[in-house]
C-alpha cells in the first residue's frame, strides 16, 4: 500500500465541503490515517491476532467499512487453510478499487468477496468475526443500534465483534485534555494548524462519536454478554464483544 502524502487541506479554502471518502481521500488514505489515528497500526495488527484466535473453519468474516483493506489483509494472513471467506464492504468506489489492488498484491488461499455497497444492507450469517474499524461513527446515530443487532444475530455463538471508534467523553476536562493531546499528535506528524482546522470542519457534520458507555450499553442491549475495551490512546479506542 504505497501512500501518497495527505495535503488535501493544506491550502486555505473559503468553503469546506463535508468529508467524503472520494478519490482524493482514497489516494492518500494510508498516510492520512497513520498521521491522524494514534495506534492505528497496532489496532490493525491486533485484529489479525484476534482473527487467529476466533475465526473457525468453514465460517465467514465480515470487514464492514474496509477502506483500503488493511484489516482484511491482516485477517487473511492469519487464517490460511481454514476454508473461510472474508466479505469486505465499503460504499466508496474509489476505496474499493484501491482495496482490490491491495488484495491482488498478495497470494492467499482465503477467498475475499469485495463489495461496493452500504454496510446496512449486507446480510450477515455464519460469522465468527465481524470488524467495524472506525466505521460506525460515520453512520447516522439512529442507524447504529440496528446494525449492531444485525451483527449479533449473524455471529455464531462465541463469535467476536471488533469495534474501533473515536470516542467522546461526558467529563468536560477529560474531553478537553485528550482532544488537545490528539491535536498535538497530529501536529507532531506534520499537520499544520490550517490543515487541522479545515479537516475538523469537514468532519463536523459526518462523524458523530459516541461515549464508551453508550457503546457498551448498545452492545449489551443487543445481547452481547462479554465486553472489553482492549485499546485506547487519547480519544481513539478499540473494543471487543463476544456473543
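Glycine residues also receive a Cβ, built from the backbone N, Cα and C atoms like all the rest.
Residues annotated as S-adenosyl-L-methionine binding site in Swiss-Prot: 40, 65, 66, 67, 90, 91, 118, 119, 133, 200.
Swiss-Prot feature annotations superimposed on the structure.
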{"residue": "40", "record": "S-adenosyl-L-methionine binding site", "DSSP class": "helix"}
{"residue": "66", "record": "S-adenosyl-L-methionine binding site", "DSSP class": "coil"}
{"residue": "90", "record": "S-adenosyl-L-methionine binding site", "DSSP class": "strand"}
{"residue": "118", "record": "S-adenosyl-L-methionine binding site", "DSSP class": "coil"}
{"residue": "133", "record": "S-adenosyl-L-methionine binding site", "DSSP class": "strand"}
Which of 90, 118, all binding-site residues, has a Cβ with the fewest other Cβ atoms inside 10 Å: 118
Cα-Cα distance, maximum over 40, 65, 66, 67, 90, 91, 118, 119, 133, 200, record's S-adenosyl-L-methionine binders, Å: 25
Which same-chain residues, if any, lie at least 6 apart from residue 66 (S-adenosyl-L-methionine binding site) yet have Cβ under 8 Å of it: 72, 88, 89, 90, 95, 99, 114
Tertiary neighbours of residue 133 (S-adenosyl-L-methionine binding site) (same chain, Cβ under 8 Å, six or more apart): 43, 44, 47, 63, 65, 67, 71, 162, 164, 238
Set of same-chain residues at least 6 away whose C-beta sits under 8 angstroms from residue 40 (S-adenosyl-L-methionine binding site): 33, 34
